[in-house]
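Trainee: If you scroll down you'll find the structure; I have some questions about it.
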Amino acid sequence: MNVIKGVVAAPQARVAIAIARFNNFINDSLLGGAVDALERIGQVASENITVVWVPGAYELPLTVKTLVETQKYDAVVALGTVIRGGTAHFEYVAGECSSGLSSVAMASEIPVAFGVLTTESIEQAIERAGTKAGNKGAEAALTALEMVNVINAIKG
């Protein structure tokens, strides 16, 4: 039986991080976790990490698509935070962001990791950005690296 398993170490990987500025008091922690995970656990050199800031989560899919199309990166990590409010705005932004990022990932051969928090409250977002529930930015970064290795192993 042939089993393919990914590892997270990818020292030669070139990784782009697209991050939303809206809710940056939370997203800054996601970014810190992602960069730390890439460098410390994934062994990615800092010069191989590019960070691109965009206004909000809705702008992430187009930005990630553009990054993927440059063919400069082995993986892209999308980071942001969408917090439910009193209107339907949450559903539109969260849904389009998720759908758009998924479409980019499926249309390309480059892993796109989803590190966008979609929470019911600010407290939930803070918990997922490095306190009680870990750091989802770090998790997304490690997912991106593991997928780089899995895809490379599948392609042989």
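Cβ atoms are placed via backbone N, Cα and C, with glycine included.
Okay, so Swiss-Prot annotates it like this:
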- His89: active site, proton donor (ACT_SITE)
- Phe22, Ala57, Tyr58, Glu59, Thr81, Val82, Ile83, Phe114: 5-amino-6-(D-ribitylamino)uracil binding site (BINDING)
- Gly86, Thr87, Arg128: (2S)-2-hydroxy-3-oxobutyl phosphate binding site (BINDING)
Trainee: Whole-number Å distance between the CA of Phe114 (5-amino-6-(D-ribitylamino)uracil binding site) and the CA of Gly86 ((2S)-2-hydroxy-3-oxobutyl phosphate binding site)?
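Mentor: With the alpha carbons as reference points, the distance is 25 Å.
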Trainee: Cα of Val82 (5-amino-6-(D-ribitylamino)uracil binding site) to Cα of Arg128 ((2S)-2-hydroxy-3-oxobutyl phosphate binding site): how many Å, rounded?
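Mentor: Between the alpha carbons of Val82 (5-amino-6-(D-ribitylamino)uracil binding site) and Arg128 ((2S)-2-hydroxy-3-oxobutyl phosphate binding site) there are 12 Å.
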Trainee: What is the separation, in Å, between the Cα atoms of His89 (active site, proton donor) and Ile83 (5-amino-6-(D-ribitylamino)uracil binding site)?
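Mentor: About 10 Å separate the Cα atoms of these two residues.
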Trainee: Measuring Cα to Cα, how many angstrom lie between Tyr58 (5-amino-6-(D-ribitylamino)uracil binding site) and Thr87 ((2S)-2-hydroxy-3-oxobutyl phosphate binding site)?
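Mentor: Given the Cα positions, Tyr58 (5-amino-6-(D-ribitylamino)uracil binding site) is 16 Å from Thr87 ((2S)-2-hydroxy-3-oxobutyl phosphate binding site).
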Trainee: Of these binding-site residues, Thr81, Thr87, which scores lowest on Cβ atoms within 10 Å?
Mentor: Thr87
Trainee: Including all protein chains displayed, how many Cβ atoms other than that of Val82 (5-amino-6-(D-ribitylamino)uracil binding site) lie within 10 Å of its Cβ?
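Mentor: Looking across every protein chain shown, the total is 25.
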Trainee: DSSP on Ala57 (5-amino-6-(D-ribitylamino)uracil binding site), three-state: which is it?
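Mentor: Note: Ala57 (5-amino-6-(D-ribitylamino)uracil binding site) is helical by DSSP.
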Trainee: Give the distance between the Cα atoms of Ile83 (5-amino-6-(D-ribitylamino)uracil binding site) and Arg128 ((2S)-2-hydroxy-3-oxobutyl phosphate binding site), rounded to the nearest whole Å.
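Mentor: Between the alpha carbons of Ile83 (5-amino-6-(D-ribitylamino)uracil binding site) and Arg128 ((2S)-2-hydroxy-3-oxobutyl phosphate binding site) there are 12 Å.
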Trainee: The record lists Phe22, Ala57, Tyr58, Glu59, Thr81, Val82, Ile83, Phe114 as binding 5-amino-6-(D-ribitylamino)uracil. What's the largest Cα to Cα distance among them, in Å, rounded to a whole number?
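Mentor: Taking every pair of listed residues, the largest Cα separation comes to 17 Å.
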Trainee: In angstrom units, rounded to an integer, how far apart are the Cα atoms of Arg128 ((2S)-2-hydroxy-3-oxobutyl phosphate binding site) and Thr81 (5-amino-6-(D-ribitylamino)uracil binding site)?
Mentor: 10
